[in-house]
Amino acid sequence: MRKVYLDHAATTPVRQEVLDAMMHVFKEVYGNPSSIHQFGRPARKLMEEAREKVAKAINADPKEIVFTGSGTEADNIAIVGGARANKKKGNHLITTVVEHHAVLDAFKALEKEGFEVTYLPVDAEGRISVEDFKNALRDDTVLVSIMHGNNEVGTIMPIEEIGATCRERKILFHTDAVQTVGKIPVDVKAINCDFLALSGHKIYGPKGIGVLYMRRGVRTQPLYFGGGQERKLRPGTENVANIVGLSVAIELAVAEMAEESARLSVLRDKLIDGILNNIEETRLNGPREGRLPHNVNVSIEYIEGEALLLSCDMKGFAASSGSACTSGSLDPSHVLMAMGLTHTTAHGSLRLSLGKSTSEEDIDYVIEQLKPIADRLRAMSPVWEKFQKGLPIT
Amino acid sequence: MYSDKVIDHFTNPRNVGEIEDASGVGEVGNMKCGDIMKMYLKIDDATNMIEDVTFKTFGCGAAIATSSMSTEMIKGKTISEALELTNRAIADALDGLPPVKMHCSVLAEEALKAALLDYQKKSGKNLGLNEDDFEDWDEA
């Protein structure tokens with residue numbers, strides 16, 4: 001059976017060049033980068049070279065790059081640390097209802113500390129309105145966090161304008177760019193952000209490594225204590241192999257971005273059209289334009305997402321769903337619900353995220369396989385039956 | 001995550017479909033929670049035997065598997081035996097369910113009882129089922 005991996009938004013395989021660079025570190029450069037002896041110095045050198053590569057990839061200065069254990073950790077240092085460090089200036093924070101839980105849960109924690117948070121709504125395509133954002137600003141707003149690209153529906157947010165407004169009003173602006181680095185241009189100066197988070201394993205690098213970009217002169221507080229590493233913002237012995245792996249991954253991703261994103265956009269559109277045209281009662285979640293090149297999110301109405309996923313897996317292709325049943329909760333994806341989808345539509349969502357290994361033959365295969373899967377599940381769905389008979393669905 | 005039996009019943013569900021002249025039909029669940037199960041029973045009035053049972057389910061792998069297994073467990077049984085079927089027995093028959101999926105087995109038990117309640121109403125027999133005990137039912 002053909003095996004097709006279409007869950008690149010969840011994680012990506014480590015590419016060979018990354019693995020080779022990491023193996024070199026594991027085998028040859030095992031010293032602690034904080035040690036000043038002949039074993040530590042090469043590790044420090046490799047780490048600082050990696051910092052330069054990462055900085056170059058997002059148009060930052062190497063001194064503005066902090067290595068973390070994950071994108072989540074980078075989000076947390078930016079948001080929780082940033083808000084705490086600037087509490088004297090104000091108590092109000094702004095984010096959106098469709099952020100990744102790494103961001104949303106950080107804001108929930110800050111609310112418990114007494115901060116007030118405005119959660120901006122989104123439109124039917126998952127995009128916030130700049131006007132809503134401007135209206136939410138207050139004199140005591142100290143920090144704004146708005147994701148660059150949505151991990152579920154691929155919507156690209158208008159963050160350049162938001163960043164410019166924040167800069168003008170001296171409000172800290174953080175963006176979670178975990179889904180966008182290596183897919184679309186990410187330039188911290190053009191975005192006008194003070195913080196930016198990215199992650200290694202979304203760009204064919206290793207898991208367990210993230211980056212916090214922190215603009216020079218910006219204040220935040222550490223969440224952990226115990227060492228002077230990473231300017232005391234992320235203490236703990238640096239994971240040199242992962243850092244080096246991430247730097248190779250980001251360098252290659254940015255170098256190949258234009259060509260690869262163009263290729264994926266074509267495949268993405270073919271997959272979207274193939275599903276919508278082949279299977280009745282389907283809809284695209286998220287926008288047609290202004291969408292990440294690797295993201296497809298569709299709802300196949302009147303069937304449930306986890307059953308859909310299991311069926312896809314049995315046919316050899318891996319995807320993900322915003323169905324409640326995959327998360328163990330009763331509510332489907334907060335992103336899909338915030339976009340105004342009904343429970344029926346949200347429960348039947350399927351995210352297919354493309355990547356380097358995705359070929360046109362893979363797309364043809366998935367389009368071909370999805371129709372009988374949908375037919376089979378609908379044949380046993382009482383909701384499909386109600387729809388066909390024109391009965392109300394509750 | 002799922003046992004081989006769950007996957008088997010999900011992949012090859014038994015007794016899927018409708019019974020046109022069903023003796024009792026029960027539907028439970030709602031779109032908000034993401035699972036809807038509908039069960040059809042054909043009962044021999046003279047012997048109280050469940051001659052045929054089918055289901056239709058909107059839900060996850062566990063929901064489909066528990067529906068399928070519960071139909072297997074009551075087909076050919078008497079009403080009294082069917083009333084003794086518990087969600088735990090359904091889950092055990094599937095070699096267990098993940099804790100977050102146990103509600104699917106509850107739904108399967110309730111779908112069966114909803115269908116029997118419908119039969120109780122239609123047949124006039126007292127099966128000891130009380131509508132007030134099942135607040136969330138959407139009757140067929």
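Note that the numbers count up from 1, one per residue, in the order the chain is shown.
Glycine residues also receive a Cβ, built from the backbone N, Cα and C atoms like all the rest.
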For the pyridoxal 5'-phosphate site that TrEMBL lists with A:G71, A:T72, A:Q179, A:S199, A:G200, A:H201, A:T237, give the additional residue from the candidates A:N86, A:N91, A:N151. A:N151
How many whole Å apart are the CA atoms of A:K202 (N6-(pyridoxal phosphate)lysine) and A:T72 (pyridoxal 5'-phosphate binding site)? 13
Chain B sits near which of the recorded positions A:Q179, A:K202, A:C325, counting only a Cβ gap under 8 Å? A:C325
Argmin Cα dist to A:C325 (active site, cysteine persulfide intermediate) over the binding-site residues A:N151, A:Q179, A:S199, A:G200, A:T237 returns A:N151
Comparing the binding-site residues A:G71, A:G200, which residue's C-beta has the most other C-beta atoms within 10 angstroms in this structure? A:G200
C-beta crowding around A:Q179 (pyridoxal 5'-phosphate binding site), within 10 angstroms: 26
With neighbours defined as other CB atoms within 10 A, the best-packed of the recorded positions A:H201, A:K202 is A:K202
